[in-house]
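Residues annotated as domain 'Protein kinase' in Swiss-Prot: 513-786. Under the heading domain 'Guanylate cyclase', Swiss-Prot lists 861-991. Residues or ranges marked as N-linked glycosylation site in Swiss-Prot: N24, N35, N161, N195, N244, N277, N349. Swiss-Prot lists S513, S518, S522, S523, S526 with the feature phosphoserine. The phosphothreonine annotation in Swiss-Prot covers T516, T529. Swiss-Prot lists 1-16 with the feature signal peptide. The topological domain 'Extracellular' annotation in Swiss-Prot covers 17-458 and rests on sequence analysis. If you look up Swiss-Prot, you'll see 479-1047 marked as topological domain 'Cytoplasmic'. Annotation source Swiss-Prot lists transmembrane segment at 459-478, citing sequence analysis.
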Amino acid sequence: MALPSLLLVVAALAGGVRPPGARNLTLAVVLPEHNLSYAWAWPRVGPAVALAVEALGRALPVDLRFVSSELDGACSEYLAPLRAVDLKLYHDPDLLLGPGCVYPAASVARFASHWRLPLLTAGAVASGFAAKNEHYRTLVRTGPSAPKLGEFVVTLHGHFNWTARAALLYLDARTDDRPHYFTIEGVFEALQGSNLSVQHQVYAREPGGPEQATHFIRANGRIVYICGPLEMLHEILLQAQRENLTNGDYVFFYLDVFGESLRAGPTRATGRPWQDNRTQEQAQALREAFQTVLVITYREPPNPEYQEFQNRLLIRAREDFGVELAPSLMNLIAGCFYDGILLYAQVLNETIQEGGTREDGLRIVEKMQGRRYHGVTGLVVMDKNNDRETDFVLWAMGDLDSGDFQPAAHYSGAEKQIWWTGRPIPWVKGAPPLDNPPCAFDLDDPSCDKTPLSTLAIVALGTGVTFIMFGVSSFLIFRKLMLEKELASMLWRIRWEELQFGNSDRYHKGAGSRLTLSLRGSSYGSLMTAHGKYQIFANTGHFKGNVVAIKHVNKKRIELTRQVLFELKHMRDVQFNHLTRFIGACIDPPNICIVTEYCPRGSLQDILENDSINLDWMFRYSLINDLVKGMAFLHNSIISSHGSLKSSNCVVDSRFVLKITDYGLASFRSTAEPDDSHALYAKKLWTAPELLSGNPLPTTGMQKADVYSFAIILQEIALRSGPFYLEGLDLSPKEIVQKVRNGQRPYFRPSIDRTQLNEELVLLMERCWAQDPTERPDFGQIKGFIRRFNKEGGTSILDNLLLRMEQYANNLEKLVEERTQAYLEEKRKAEALLYQILPHSVAEQLKRGETVQAEAFDSVTIYFSDIVGFTALSAESTPMQVVTLLNDLYTCFDAIIDNFDVYKVETIGDAYMVVSGLPGRNGQRHAPEIARMALALLDAVSSFRIRHRPHDQLRLRIGVHTGPVCAGVVGLKMPRYCLFGDTVNTASRMESNGQALKIHVSSTTKDALDELGCFQLELRGDVEMKGKGKMRTYWLLGEQKGPPGLL
């Protein structure tokens, strides 16, 4: 055979860097060269090997050594070990690929184990290889195997409660590799290991063979497994039809792992294994008989990477090998070889990085055990025996009209669980047959005696049956009457007058503390706003002393048809811990509303969007578990489905139990938003693609749509980034909904951070939001799935509640501490602002809740000043320029007066009023404090510059007077500390009669300053003061630096 020219390389080694002095990696292949009936034939596998090597890069050259294990077109257990010995002797390979046939693989595996050389194959399905003893310790099976098929069959028996017996029929032609024998061997050993009575027989391909087969079936089991060519199955089923074994008492499992019977052929169409080139009568008989047949095949990987790989495989096979391959399950074996080479490269890389060598084959093989990684064939999971976990599909006649076979269930080998597609199996009698019905096999049982009954026994039996029928009829009539009475009583009805509304604080006070996860001080529960991002709150009220949630219905009236009455009755009948309790409904126009149990902790969406709440994974799993329990109960109830599941429809009660709300009562539902509103699309972020298309769905379809909504909520809980979080994308809800509705590959789904999340949780999300509803699990399966990877979920209800309460207490303690710090900071700011408005001593009295009494002061000194020409300056400036000027000036003044024992009373326009000697008395210091402050302000004005008129000089006019005053706080709103008395008026007159850039002081102030003897004053003379007559006044010129007086 002319092999394609390949340079095989392994890039995974040492992170893409070839070790110094390393030799080429040698890959030896022992596979059939010509016989394409084998899925592991070299023309099928060779292109996959080439693709795998190309995918790995060019860090280390690989020598490819291929030899055929065929002898006259068949697998040879004699030739294969000789080829392997030659390869070892002349080429010393690092890895052996193949053989796929069982007997050659056994021989070669013994040599490989002795050489400590890894042997990788995607064939060799026999159960004998599962025990990796000293003979097969280096054998790695990266493809399907018979023991994994047996595990699937045992799981099927457990599902259908078949625990007694089974019968196996198979064809065993020793001229080839005995594929049927080794395939059904896995089923035999698995069922026998489950303590079932399992009988087997080789099918005789000779006249009388079908009769022998049906005789064997009658004597040994109702659950029959058949493994052989499709023609053999046809012969057995035709005979079974003639003997009435297809009446529903038997089920026939056809083990066709590569699904060849479901592919189109010369005489049959795709999915119709019953079609054959027979008479019309026989064809009809086969079609009827095939209703009792279930076909088991490998599962074709659903991931797009495998589809791309298969396309490339077919192209390479045609170009490099001159072979035309068709898309089929046989190509799965090539994909398994591909993933096996990647696995070997990954483990070899790790071994070298840890200091090992490629020659340490046992160490490399041991490191492959228990591996999980994503390959082109999907999730690859290796068990402890280095056998890959295998997925299977169970096919049934899904459409009785056309006779087409469709998937009824998928089996995940990694999870050991069956996922039902929702398509019912067409059992002839409406239910699975019994595997060990009474008197079918154990004829020695005395209860199986069929002696005719006596006349007396017949009369007694008839009388008993009559009484039973009478009793049942009476019960049904009574039940019907009670139902009509209950419908007529309308126990659910609530009058609008019975609902009480009032102050929300009173409701919250009566309902207990509301310093909880939800907001305080509101009688509302959560609902989505028009923008879909923030929460408003649903109305609450009182009904019979209890706080209830009230949802108004946007309808003018409700017609009480029989259907509506049944809906309301069903809502009252449904009671479960994880569903909000339906209390009643008000149908009094215009106040039509639904009244339900109120959950004070808010909605799940509120909790997830509140960053101050710390949710560890124990708490999150608890919320998820509550949601799954509630949905499982709802799906099994008379209501059957939710239809609008979202995180805002999941609420949390005071005991931190999640409950589902807004279910049922389809007649009350209405859409208030316009068809193109933002809020409408925001609510559809949880809606399944099949619902977005607008097509009506059956009940099972609605349940699968709920599963999709659950997946979006699961993503919300896992990431806490809002519904349908998309990393790096900023799309509106409308754009997201349109992309989901389009259903184009790759399907549009939320972002998942696989590095941060549990792999099994991610897998559950992806299954729940699968595009095909039949691929989604039901909530019963989801419950079991979560129970397995949530190890902490097995604690008791009390322990779980205590853990929730402890976590909430810790979170609340942290929240209170943060709020306390925030309060103290705001208190400090408020006090600072208060001290700027009022004197410190006055502010302290107000803080203590005391009334500030007016107080008389015998002697204080008051300062007044204004700007000469300010009116003209204002007229020539804009209002903003005037404000800027005064702000700059008074900021300067305020900074200066902080250095003196004075109190700033007020500023009015350009007027500035300051006092010393109150509210804290300072003896005789008030006059010199004001004097020094006035001198400082006058000096500051000389260097002050106006921004918009930098060349102009401000002219400050100052007046000072000393005398008695009365002071106190005036007003309740915006209180002010005001001064009263003639001294205030006199000080104002001193300022208004003064001159620019001079300090005008009264004689009383001059007397107070003279006591110090350090201030320079100049007599101005007698000045006529309005309302005062003539007063002798002085100019304050400065202060002499010398020995202090009083100060």
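The backbone N, Cα and C atoms fix where each Cβ goes, and this holds for glycine too.
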Listed in sequence order, residues with CB under 8 A of N195 (N-linked glycosylation site) and six or more positions away: T163
N349 (N-linked glycosylation site), number of other Cβ atoms within 10 Å: 18
All-chain count of other Cβ atoms within 10 Å of N161 (N-linked glycosylation site): 10
Using Cα positions only, nearest of the glycosylation sites to N35 (N-linked glycosylation site) (N244, N277, N349): N277
For N277 (N-linked glycosylation site), the number of other Cβ atoms found within 10 Å of its own Cβ: 10
Least Cβ-crowded entry, counting other Cβ within 10 Å, from the glycosylation sites listed as N35, N244: N244
Pairwise Cα distance for N277 (N-linked glycosylation site)/N349 (N-linked glycosylation site) [Å, integer]: 55
Rounded inter-Cα distance in Å - N244 (N-linked glycosylation site), N161 (N-linked glycosylation site): 24
Rounded Cα-Cα span from N161 (N-linked glycosylation site) to N349 (N-linked glycosylation site), Å: 47
Structural state census, the domain 'Guanylate cyclase' (861-991) (DSSP three-state): 53 helix, 39 strand, 39 coil
Segment-level pLDDT (mean, integer) for the domain 'Protein kinase' (513-786): 82
